[in-house]
């Protein structure tokens, strides 16, 4: 393969730089060298490169940090990481941030060159698809990708103080007007579908359909029918013609959620859709042209899926024209309280309650919590806390609904370092006769009932005072008590 722009090789070890450079030059590739990430990034800002090869571990600034800087400027350039044995987990993590692949030291140079050729082919394929996507609307007389929709998305991820997220949103807005396919990779709960909706709303397709389908939620035969539609009599139960999701999204955007779970047989049909923008209904003989923008999401490592033979590499190239990587919430510490306050406003308004404040201890706990469920988990925790809060300030006691935080709360001899942050802090709260203790696994309905009954005990059965403490109307309290009574749960004042 002939390339015009050089390959940038970054490594702090002179011998390694020379060895990689020699191997690349033997294949006819132009090469430029850099001895650290800072120097490399300065060069990258001033010059165009075909791809970047960087060592993972370097002094002052790591290869992972360089990767993030490069992707913020040019999300389409392939970046290959060179890693030692002990940093493979870090390298795999880097792939989630947009690295094309990694090679482990010591490596065979034939394998190294094969990887470089694959990365360059990937870039060429992506460029071809982008050009094709830009040309297709003009050939077919379709809409021009020159404007954006009038109705902008209210995407909660824009509630951010994180620089990486701001850069990601800028990229998403810039690529929105094109027809190019987008692949959003991130952990569950980070807001992949909301980002897809944002891209749709920022495009000239904003006034057309946005159709989403979860590729993991349906068995293969039903997924095929849902995507492509079917003709009457195509299979048992097909009593009418059915328009599939692709036809429903015509003129707009289709979101293929959890694309990595799509069966291989359907991947071949999807590849044809992306190549020709036509579909055939199940049991049909006619081909239908469609005008759609495809956005796909996954929480899997796609290169691993390709290596395992469960995902087609050619389909990956077609989908990954514009790669977007959403960071997990734990890497956005500064946004945790920003989002928490947003969710408090949202759920107090939905539940017709006054706006709640957050105790300083709660802020510390939320910021230091791991958030495996990301933004979705944070919202659930805040919603529960807002419902359980009897006063005007959310306290540590209101956070005890977080799964796993009560596991060792009553084990006094447990070392402090082994406790989850919320459980450790909860032990510092005052435990008296007015404290409500909830077990992990209790339903929200049961927790609400216990809180209401406990408050009524505290007020000696005075419903007006109880409603005031709970921050709800006396009518709401009465309705709740009637609801519990219908289910055989009657409040009785203890003597």
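Cβ coordinates are placed from backbone N, Cα and C, and glycine is handled just like the others.
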Stated TrEMBL location of coiled coil, expressed as one of 439-466, 467-494: 467-494
Remote residues contacting the coiled coil (467-494) - C-beta distance under 8 A, at least 6 residues beyond either end: 352-354, 389-392, 448-449, 451-453, 455-461
Local Cβ density at residue 55 (4-aspartylphosphate) - other Cβ atoms counted within 10 Å: 24
Structural state census, the domain 'Response regulatory' (6-120) (DSSP three-state): 58 helix, 22 strand, 35 coil
